[in-house]
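What TrEMBL says about this one:
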ACT_SITE  A:Glu49  active site, proton acceptor
ACT_SITE  A:Asp60  active site, proton acceptor
Amino acid sequence: MSRLQQRFSALKQANRAALVTFVTGGDPDYATSLAILKGLPEAGADVIELGMPFTDPMADGPAIQLANIRALNNKQTLAKTLQMVREFREGNTDTPLVLMGYFNPIHHYGVDKFISEAKAAGVDGLIVVDLPPEHNDDLCAPAQAAGIDFIRLTTPTTDDKRLPTVLNGSSGFVYYVSVAGVTGAGAATLEHVEEAHARLRRHTDLPVCIGFGIRTPEHAAQIAKRAEGVVVGSALVDQIANAESPTQAIDGVLGLCQQLAEGVRNARL
Amino acid sequence: MNTSLRAGPDARGLFGSFGGQYVAETLMPLIHDLAAEYEKAKDDPAFIEELAYFQRDYVGRPSPLYFAERLTEQCGGAKIYFKREELNHTGAHKINNCIGQILLAKRMGKKRIIAETGAGMHGVATATVAARFGMECVVYMGTTDIDRQQANVFRMKLLGATVIPVTAGTGTLKDAMNEALRDWVTNVETTFYLIGTVAGPHPYPAMVRDFQAVIGKETRAQLHEKEGRLPDSLVACIGGGSNAMGLFHPFLDDQSVQIIGVEAAGYGIETGKHAASLNGGIPGVLHGNRTFLLQDDDGQIIDAHSISAGLDYPGIGPEHAWLHDIGRVQYTSITDHEALEAFHTCCRLEGIIPALESSHALAEAFKRAPTLPKDHLMVINLSGRGDKDMQTVMHHMQQTAEKH
């Protein structure tokens, strides 16, 4: 059983949703980012998404765009992001970690080399925003063959006709982007989220994690009543943007993570 | 098997290993709809007729094929013709594509048009057709480009468009395209993204090429009328590559026609400050397609540099990447300095002020023409006029004067 499967099945037993946290690797710098990453499980993150910085994050809003710029300005590279995962795994073997980003840095690194190094580092899954199922051969198929899950985004525009195409080859969990838009944009209504979750349920048995525009413990708790997971990114990344020192950045992210975790853990009580 | 070089792309939008549909899932259903609608429209007699009407009475087509007699004399070799795309309404080839796409947007019931622009020519052409068809128009433009193309910014505003400055990155075309994609993903139901070049996800590279291919089709007929035969060579500048693809495509299967695409070498390829994706880049994935890109050792995109805002892009249309790969088209490059010299030469000898983009093609042609026989027929795509570049050229002339 993969780490993602283990985690989601344990959470199902415990009757609660997963808190899925996103931060960008190397934001604002390698050491601070690694400290945040290492602190997340204890602060209540059940699944970690680690962003691989890219100069042209076309699907991201201002918060994550700036996170990418901060990381790249401090010389973060794909090789260093993989190194962060290795260092994280020295102290944690049970929290699933998913790398998220855009295809070009992986394409440039070499798909085979990337997959084998990611697997060895302890990466459990990949989310690559600009690789739709039409391009499964590029990365999805070889990654899954190597035992790395490939997590797909589904969106409000992914209709019933297209959903099977998107879900075919999905593994780990399904990420539902609750608003058509960039990361950090306005939130969807609860009604929309419930409807979308029910629709996805009809098509797949995979856990459904819902993200985009979720910023507060209260909001996270609402989503966590239904969904198998709640994804928070921009709000955490904003803690780094607003910090005046590395310590503040670490405390800010982990502090918010604790509050979010509390919201998620109490949602179904 | 179809061995024609004009048969691409395949059903997945690939030219060889280039092209494709590398976009976020939110956009995928829309891109499939667009591809299906375009397939229907391009064979629909009503669509073809409406397009022909606007090309003729609104754009002013056919554009003349002009014998550049004095330049031919000056070069002392090949017989040089200009395909006069700068005489089109709005002053460049861009409108050929905009008319096509806005008719498609109308068919699809879209009311809001977005576009990215570099030099502003595509922005102006988009604002123009949006005004004509009564649609809302939002144009994304980098702040660097806004500074160097103020006249075009004003023109877009006069035409009723909203110009949104993009500060990300270096504030040029690539950043404008990122921002347009973000708008599209957010307003996917209402909005038609009118891409200005033969790049982006399938079907854009093929669709924009088809709308621009009128350039090459006319050239073929016009040269046949004047000379009774095919050209020996074609020369066009390349940023994303739409004017070049429009001229080249109808000739790809005519092996006797030598085809030359001219990239912007900026300060020189060796300086790293250029926009020559084929001559100075490697394959990668950006803005929906796999193509040659300027990128660093980590696969991060490097900002392009060119004196001409329209060529200032770190990628190139995927069909060009493929034509480069198979060797059908030869891709060369011209520096800022060489382009400026050609600009002045064309102004003084032919009484035509070319765009700085087109001046790259002129500079390449001036290098080649003297070495070629007098019966060699060369067609240069004069893709745009230079009115928009007055500020940039004045600035450079002042700098040169100060140095001496």
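Cβ coordinates come from backbone N, Cα and C, glycine included.
Curation plays no part in TrEMBL annotations; they are all automatic predictions.
Across the fold, the C-alpha of A:Glu49 (active site, proton acceptor) and the C-alpha of A:Asp60 (active site, proton acceptor) stand 15 Å from each other. Counted over every protein chain shown, other Cβ atoms within 10 Å are most numerous around A:Asp60 among the active-site residues A:Glu49, A:Asp60. DSSP assigns A:Asp60 (active site, proton acceptor) to coil, not to a helix or a strand.
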